[in-house]
Amino acid sequence: MATTDAKDESVDTRDAVEVLEAEAKEFEKDAEIDRILKAFRLDAYAVLGLKPGVPESDIKLAYRKKSLLIHPDKTKNPLAPEAFDRLKKAQTELMDEKHRATLDEAIADARMLVLREKKWTVDSPELKTPEFERLWADKTKFVLIENEQRRRRQLRAQMQEEGREQRRQEEEAEARRRKRQHEEEWEATRDQRINSWRQFQKSKTGGSSGDGGPSKKKKKLKPIG
């Protein structure tokens, strides 16, 4: 009896440990989903939880670990699909050399702006403090937002220009259509116009005297004597 009770207690302990581990895993997943959704969306490094300038291998590794952790099929969290999409988008952006170079440039610009505003140098001890990290992160957001607003303005201007160009092409096409229609209508009435002109000329010649006035019939004179 004592052996049976010991076995039951061992099973209960193992089940309790498994439940606690499962709960801890779910908490880890929820925490990572919350972190991703709160990360600054224009900064792909922040979304993946990486420091700027890390090698490509770190990007792949971070994405693999986090995507497996928060995959919608492996958690009941209703926000998992949105977090997973943001994670995938961040990884795609960082794997694109052009986009990553643009992001790295913006982050570097933000760093230089902080140094300039604070009158620090690259050797200043303040650069190793949490305060600098916070200022740099805030300035990075500012630079990225300005860059995004500039990009959108340029896109709107481009779309407007494309719209004007399209309208110009449509107007030219309509002008060519009207001209072609006019030429076709003119050609279609050619015979009618020629016949009308001939009739006019014929009636003018047959009903007029040489001097252009109406003809008068001369009276026949009787002989004298």
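Counting begins at 1 with the first residue displayed.
Glycine residues also receive a Cβ, built from the backbone N, Cα and C atoms like all the rest.
Features reported for this protein in TrEMBL:
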DOMAIN    43-107  domain 'J'
REGION    155-225  region 'Disordered'
COMPBIAS  159-170  compositional bias 'Basic and acidic residues'
COMPBIAS  181-193  compositional bias 'Basic and acidic residues'
COMPBIAS  215-225  compositional bias 'Basic residues'
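Note on the compositional bias 'Basic and acidic residues' (159-170): none of the residues of its chain located 6 or more positions outside it place their CB under 8 angstroms from a CB of the stretch. Taking DSSP states H, G and I as helix and E and B as strand, the domain 'J' (43-107) has 50 helix, 0 strand, 15 coil.
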